[in-house]
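Per Swiss-Prot, the feature repeat 'LRR 1' maps to 54-75. Marked as N-linked glycosylation site by Swiss-Prot on the basis of sequence analysis: N75, N369. Feature annotation from Swiss-Prot assigns repeat 'LRR 2' to 78-99. Look at Swiss-Prot and you will find 102-123 tagged as repeat 'LRR 3'. What Swiss-Prot lists as repeat 'LRR 5' is 150-171. Marked as repeat 'LRR 6' by Swiss-Prot: 174-195. As annotated by Swiss-Prot, repeat 'LRR 7' applies to 198-219. Positions annotated as repeat 'LRR 8' by Swiss-Prot: 222-243. Marked as repeat 'LRR 9' by Swiss-Prot: 246-267. Positions annotated as repeat 'LRR 10' by Swiss-Prot: 270-291. Per Swiss-Prot, the feature repeat 'LRR 11' maps to 294-315. The repeat 'LRR 12' annotation in Swiss-Prot covers 318-339. Marked as repeat 'LRR 15' by Swiss-Prot: 390-411. Annotation comment: Swiss-Prot describes 476-509 as region 'Disordered'. The transmembrane segment annotation in Swiss-Prot covers 537-557.
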Amino acid sequence: MPLKHYLLLLVSCQAWAAGLAYYGCPSECTCSRASQVECTGAQIVAMPSPLPWNAMSLQILNTHITELPEDKFLNISALIALKMEKNELANIMPGAFRNLGSLRHLSLANNKLKNLPVRLFQDVNNLETLLLSNNQLVQIQPAQFSQFSNLKELQLYGNNLEYIPEGVFDHLVGLTKLNLGNNGFTHLSPRVFQHLGNLQVLRLYENRLSDIPMGTFDALGNLQELALQENQIGTLSPGLFHNNRNLQRLYLSNNHISHLPPGIFMQLPHLNKLTLFGNSLKELSPGVFGPMPNLRELWLYNNHITSLPDNAFSHLNQLQVLILSHNQLSYISPGAFNGLTNLRELSLHTNALQDLDGNVFRSLANLRNVSLQNNRLRQLPGSIFANVNGLMTIQLQNNNLENLPLGIFDHLGNLCELRLYDNPWRCDSNILPLHDWLILNRARLGTDTLPVCSSPASVRGQSLVIINVNFPGPSVQGPETPEVSSYPDTSSYPDSTSISSTTEITRSTDDDYTDLNTIEPIDDRNTWGMTDAQSGLAIAAIVIGIIALACSLAACICCCCCKKRSQAVLMQMKAPNEC
């Protein structure tokens, strides 16, 4: 037979095989050449049939199917993945999955299932993933999962499970991920997880747990994530996590925890994220957080913490994000942040702080962003930022600040965002150095609200940045004198502006009574019709303008660069997406 006849025969066989392969694709479904079948739409009210015999992936989504009869999958024994989600499915017959021995992934999520037949899964003992989330299941039984020795992931969140029977997971020895979140159970047996030695992720969030029995997690030596947030937990047993040395993420937020037992976190060397926000903590004992050499994030906002003692976080030398906002902090010990040499984000806003020690940030050499807004700060020590040269963002808005020390920001070359608005700034002559610095660094104030004078009454409501430099003198009795002692050194602010303005403000009142007749008229006008003094003032004004323009341009460039570098880090200040 000639070669061309062989080729024609081969093509004919392939065409015949292809037609056989896709023969029987239901009209309401689409069948692809990759053995994938998808059936979607509200018009589907019963299981489509016949299904292609070679189907390996079947998706039935968003239909009005309410029941799954027996033997509907007998002719598709090669099926590997079955996804029946977002239907009206309320009843599944016991033999519905017969002949699906090759099935690896089964999802029945987002249906209306209340009960499952005990032997429903007996023919799919090779399953690796089983998703039963967001149904209305009220109970699960040990026999339902007895044949799943290969199961890796079991999702049961979003049901109405009132309790978890002891032994229900005993045969799931290969399970690595178990989600029981958003159910209604109130307690756990201490032995319910005793055979899950390979479990890596356990999620128990959004239940009504008030107590976790000692030993509940002892068998979970490979656990990496434990989610217990949004329960009603009031106390934690001291050794509750001692056998979970591989734990990396621990979520305890939005509970009723009022006290952390000493040593509760002592055996967690690999932990990198710990959330405790939304609890009732009143104090932090020194050493309660440690040693945890890999911890990167510690979230403590929205508690009732009133003070921070020395060395509260001294064992967390790799910590990068510390969130303490929305507490009742009124005192921070000078050594509270000892050991936090790698901290980059510190949130202290919305507390009751009135004063801060000048050394409180001295060990935070790598700090990039600090938020102090919404406190009651009356003043800041001049040295408070002395050792944090890399600061990019400082938020001081909505405090009780009337002035700031001379040169407090001068060494912060990377500073690109400074918030000072909503403070009662007192715009007398003492504010001049800050005023002059703000003029040269206006770009760092951003585009939102600028700081506004609160007093004296003559300048109330005027912007501290653009107000006329002829401020009223300080409110003292007697003749006005230069306020030299208020600032140890005037060299850190622009000399020309501050000196000329101060000279005008503090001019002796005797000048007003000088006998003009005793002064010899001197005509020292130059070629532009101005006196030498006038020429000097004009030149000085031009120089000041050029310097101010150059500094503002440099600040803008710095700000743009800083914001790009800090964007990824700033994103960490947002509340965490826990599970």
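For all residues, glycine too, the Cβ spot is worked out from N, Cα and C.
Residues 66, 77-90, 92-96, 129-141, 143-145, 147-148, 155 of the same chain lie 6 or more positions beyond the ends of the repeat 'LRR 3' (102-123) yet place their CB under 8 Å from a CB of it. The average pLDDT for the repeat 'LRR 2' (78-99) in the predicted structure is 97.
Neighbour counts were taken at the CB atom with a 10 A radius for the glycosylation sites N75, N369; the maximum falls on N369.
Counting residues 6+ beyond its ends, the repeat 'LRR 5' (150-171) has Cβ neighbours under 8 Å at 109, 125-142, 144, 177-189, 191-196, 203 in the same chain.
Taking the C-alpha positions, the distance from N75 (N-linked glycosylation site) to N369 (N-linked glycosylation site) comes to 62 Å. Sequence-remote contacts of a segment are chain residues at least 6 beyond its ends whose Cβ falls under 8 Å from one of its Cβ atoms, and for the repeat 'LRR 11' (294-315) they are 248, 253, 269-288, 321-340, 347, 572, 575-576. Packing against the repeat 'LRR 2' (78-99) from elsewhere in the chain are residues 35, 53-72, 105-114, 116-117, 119-121, 123-124: each is 6 or more residues past its ends and has a CB under 8 Å from a CB in it.
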